[in-house]
Amino acid sequence: MTLLNIAVAGSTGRMGRTIMETIADAQDLRLSAALEQPDSPYLSQDAGGLTGTPCGVIINSDYASALTGSDVLIDFTRPAGTLTHLAVCRQSGIHMVIGTTGFSAEEKEIIHDAAKDIAIVFAPNMSVGVNILFRLLEVAAKALPAGYDVEIIEAHHRHKVDAPSGTALRMGEVIAQTQGKNLEKVAIYGREGHTGERAADTIGFSTIRGGDIVGDHTALFAGIGERLEITHKASSRKTFATGALHAARFLATKKSGLFDMQDVLGLR
């Protein structure tokens with residue numbers, strides 16, 4: 001069996017550790033590099049020690065050298081770091097799975113451009129359930145008649161730094177596009193004070209941050225006399241790690257191009 005060599009950026013973070021644990025359980029994958037920032041206290045340690053099973057892969061901050069021999073880099077870090085890693089991968093011909101959120105429109109264009117040379121799966125949420133949720137939102141947004149107010153509510157742990165979440169924004173994009181709208185023109189991010197009546201055809205976003213919530217997302221379609229709620233709740237980061245590794249396997253057969261989890265799961 002030919003093993004797929006996986007490098008993990010942000011390897012000592014919550015997602016990084018979960019991804020490495022999941023790689024260790026897979027028969028067809030091998031952890032080829034564990035990467036961190038230059039000031040990380042974990043540098044030069046065995047990455048497997050973080051998950052209880054030493055593996056001989058040393059945590060490194062030199063991406064250019066550490067990525068030698070890797071097929072795919074999985075990156076759940078922050079936008080600035082991801083773009084730096086992207087430049088190295090593009091130059092080295094290494095594919096990427098990007099789960100980082102919080103990119104600006106201009107930063108997303110950089111990712112789109114890099115996909116001319118390498119294959120990239122770029123998705124705000126890697127879980128199977130959330131990507132089925134996106135399809136259900138298309139069905140609801142298309143089937144429900146005019147007059148239903150749309151609100152998106154998301155909740156995450158206290159450490160999440162961007163709001164609304166990338167998944168919530170993608171939910172809004174799916175609904176807006178299905179209804180022939182531009183999300184930038186109809187989105188309402190939070191409400192405070194005397195706001196007046198709710199404007200028709202807008203999409204509201206509400207954000208909750210607290211504790212160790214892995215990720216809850218709800219789309220509320222509120223009509224007169226009834227409301228429809230479509231909800232996904234993640235109870236473990238393992239679901240995101242498993243999805244990211246599915247994405248890495250998907251990229252093994254690609255030369256270049258930009259994909260998302262709808263492509264990986266055959267939903268498009």
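Each Cβ is built from the backbone N, Cα and C atoms, and glycine gets one as well.
Quick look at what Swiss-Prot annotates:
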BINDING   G10, S11, T12, G13, R14, M15, E36, G99, T100, T101, A123, P124, N125, M126  NAD(+) binding site
ACT_SITE  H156  active site, proton donor/acceptor
BINDING   H157, G166, T167  (S)-2,3,4,5-tetrahydrodipicolinate binding site
ACT_SITE  K160  active site, proton donor
Cα separation, R14 (NAD(+) binding site) to H156 (active site, proton donor/acceptor) (Å, whole number): 14
Max CA-CA distance, Å, over listed NAD(+)-binding residues G10, S11, T12, G13, R14, M15, E36, G99, T100, T101, A123, P124, N125, M126: 22
Candidate with sparsest Cβ neighbourhood (10 Å radius) among T12, T100, the listed binding-site residues: T12
Recorded positions compared (H157, K160) - highest count of Cβ atoms within 10 Å: K160
Rounded distance in angstrom between the Cα atoms of T100 (NAD(+) binding site) and the residue listed as 'active site, proton donor': 11
Environment of H157, G166, T167, the listed (S)-2,3,4,5-tetrahydrodipicolinate site - residues of the same chain whose CB lies within 8 A of the CB centroid: T101, P124, N125, E154, H156, K160, D162, S165, A168, G215, H217
